[in-house]
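Record features, source TrEMBL:
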- Cys55-Cys114: disulfide bond (DISULFID)
- 24-223: domain 'Pentraxin (PTX)' (DOMAIN)
- 1-19: signal peptide (SIGNAL)
Amino acid sequence: MGQLQLWLAVLAGLSEIVAQEDLYRKVFVFRKDPSDAYVLLRAKLEQPLQNFTVCLRSYTDLTRPYSLFSYATKAQDNEILLFKPKPGEYRFYVGGRFVTFRVPEGRGDWEHVCASWESATGIAEFWLNGKPWPRKGLQRGYTVGVQAAILLGQEQDAFGGGFDVYNSFSGELADIYLWDAGLSPDKMRAAYQSLRLPPAVLAWKSLSYEVKGDVVVKPRLREVLGP
């Protein structure tokens, strides 16, 4: 019986490892427009977030509104949200409130964004392609809940659901990270350049995820770094 229990424990460990995939030089391709598809991310969050940083890379020709990263709790559907309502504009939500960052319109290339927030000051940072935008104030003193549904490609209007397909993402996503801390400027630039990064709650090179609907994992067609 002891040997059987040991063997089952080994199998359980192997299955857990298989669920965590290194997606280096790969992308999620969201094929349809509009779509009800999404990717569910699994993170081990042990306590509410007083600080965080989320980074990702996107490649799309959409001009309508779309969601990139949606972190919802049962108490607040837009606990953390990266949303692009139109070309040249990003919205960064914390606890249901948002600030807007106006950026140059894309050139039909990959866009790398990082957004960070700290509760003590309410400072929200936004970086586009390795460059910082003017910092803004958002939800000073707030705490981000820990029991979360984390989705790529859809905006949650309810915990784990309530999607509007006309806010869905279509295109390619890569290099998704979530840290339970604010990153230094050097680390923000390192994230853009795909250099070595500190351990993360969600990390592209050890991502635990589940595909829901028409999303496929494919190799990158080209390097994503800009000049």
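Cβ atoms are placed via backbone N, Cα and C, with glycine included.
Just so you know, TrEMBL annotations are computer predictions that nobody has curated.
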Are there any residues in the same chain, six or more apart in sequence, whose C-beta is under 8 angstroms from the C-beta of Cys55 (disulfide bond), and if so which?
His112, Val113, Cys114, Ala115, Asp175, Ile176, Tyr177, Met188, Ala191
Enter the number of other CB atoms within 10 angstroms of the CB of Cys114 (disulfide bond).
24
